[in-house]
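Peer 1: What follows is a structure written as structure tokens; I'll ask about it next.
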Amino acid sequence: MENPKKISCPECGKCFRSNSYLVIHQRTHTGEKPFSCSECMKCYVSKSVLRHHQIKHTGEKPFSCSECEKCFLSNSHLVIHQRMHTGEKPFSCSECGKCFISNSQLVKHQRTHTGEKPFSCSECEKCFISKSHLVKHQKSHTGEKPFSCSECGKCFSCHTSLVFHQRTHTGEKPFSCSECEKCFISKSHLDRHQKTHTGEKPFSCSECEKCFISNAHLVEHQKSHTGEKPFSCSECGKCFKLRQYLVVHQRTHTGEKPFSCRECGKCFNQYSNLVSHQRVHTGEKPFSCTECGKCFNGYSSLASHQRVHTGEKPFSCPECGKCFNRHSNFARHQIVHTGEKPFPCCECGKYFARTGDLVKHQRIHTGNKPFSCSECGKCFNQHSGLASHQKVHTGEKHFSCSECGKCFVNKSNFVTHQRKFCNTIVLMS
């Protein structure tokens, strides 16, 4: 049977079924966009893409899903959406066998194997695996955020980011895990979660061969080899590996905490911290260590814990070479060299090196004790205090003295015991 894709692009070699598809494709190389919208003057490479865009002005979504009644601009979008209900994934990768609900997802995935990044930014020449990633990136140069939340007024550079954000207001989590029935606000969050069940880590670092569950985690890791920190804060000049780290950091200057807990009203400067906090109320600890079985309420806590078993300390100080198993410990250590304490208490004027330390300190003034014991109702101003207290109920004693065998609930009592009692034994013997 003759290959239906026989017309190839002389620029990149990509093949197409007809000359008309090739012509449209070639415009991605030339930048030509001959079809403009009379409503907003935005330009497009083909008439069909223009028509699809024009529906956004009318608000019309004529194609609805019989399963959940969600509406779509086009029938092709509806068909792809319906596969989320049926679980159908008809497009498989010949390299690794992974399956996808749409051909566009497969094509994008295959670029993780080939390393191809065909979409480049004319401003900084950075390359991307998909057009959507490029468009999103270009807004970092223009600062454009055309999509605003009707609930809180927050603005976003792309529509999908707005949709995800709105779910923090509605509580909607439409993507559920077939393994444990846990629900998520986005498909990407579900995909990442499912890898905790399979143990799959398909993205490997070419420098050290360490593997990761997502490409974003790999990209973040690779910057530890290059030291690249391209995103700088205009307020204090601090630089970051990823744009989202910069966005979160900037909230320490503005004081913005857009994510609030429905249970207790506590607010957070990033969504992941809210999700982790909510597990304090539910008691949920979905991340378990395969080595010792200990469970954690966040993946980052599990990752940090696992380094206790492996001895890995990936965060090294460029000033003195000291290594740490957690980034938070590394960041706290660096302040020893800089002496920087940028966060003042508005109540008493005391300065702190980290915003977390300031928040803990402020509870002395407010008397706020947000961490309560589900067993007896006793409240604490720090999570560490609650965790230590809960061992009274469980009888758990992690700290044992090698000299006399006595066990302790918390480390401070253990250290005090060793100094006062066991040192005396050693001196007398």
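Just so it is clear, glycine is given a Cβ too, placed from its N, Cα and C backbone atoms.
Checked TrEMBL, it gives:
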type   : residues : note
DOMAIN : 7-34     : domain 'C2H2-type'
DOMAIN : 63-90    : domain 'C2H2-type'
DOMAIN : 91-118   : domain 'C2H2-type'
DOMAIN : 147-174  : domain 'C2H2-type'
DOMAIN : 175-202  : domain 'C2H2-type'
DOMAIN : 203-230  : domain 'C2H2-type'
DOMAIN : 231-258  : domain 'C2H2-type'
DOMAIN : 259-286  : domain 'C2H2-type'
DOMAIN : 287-314  : domain 'C2H2-type'
DOMAIN : 315-342  : domain 'C2H2-type'
DOMAIN : 343-370  : domain 'C2H2-type'
DOMAIN : 371-398  : domain 'C2H2-type'
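Could you place these features in context, so I can see how deep they sit and what lies close by?
Peer 2: Residues 43-46, 118-119, 131 of the same chain, all 6+ positions outside the domain 'C2H2-type' (7-34), place their C-beta atoms under 8 angstroms from a C-beta of that stretch.
On the 0 to 100 pLDDT scale, the model's mean across the domain 'C2H2-type' (63-90) is 87.
Outside the domain 'C2H2-type' (147-174), and at least 6 residues removed from its termini, the chain residues within Cβ reach (under 8 Å) are 68, 132, 135-136, 139-140, 183-186, 258-259, 262, 271, 274.
Under 8 Å from some Cβ of the domain 'C2H2-type' (175-202) lie the Cβ atoms of residues 84, 87, 96, 98, 112, 164, 167-168, 211-214, 286-287, 299, all in the same chain and six or more residues away from its ends.
Non-local neighbours of the domain 'C2H2-type' (203-230) in the same chain are 112, 188, 191-192, 195-196, 239-242, 314; each lies 6+ residues outside the stretch with a CB under 8 Å from one of its CB atoms.
Counting same-chain residues at least six beyond the ends of the domain 'C2H2-type' (259-286), those with a Cβ under 8 angstroms from any Cβ of the stretch are 168, 171, 180, 182, 196, 248, 251-252, 295-298, 301, 370-371, 374, 383, 386.
With a cut-off of 8 Å between Cβ atoms, the residues of this chain six or more beyond the domain 'C2H2-type' (287-314) that come close are 196, 224, 272, 275-276, 279-280, 323-326.
Each residue in the domain 'C2H2-type' (315-342) gets a DSSP state, and the totals come to 12 helix, 4 strand, 12 coil.
Residue counts for the domain 'C2H2-type' (371-398) by DSSP state, with H, G and I taken as helix and E and B as strand, are 12 helix, 4 strand, 12 coil.
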Peer 1: Counting only residues 6 or more past its boundaries, what in the same chain has a CB within less than 8 Å of a CB in the domain 'C2H2-type' (315-342)?
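Peer 2: Sequence-remote neighbours of the domain 'C2H2-type' (315-342) are 236, 304, 307-308, 351-354.
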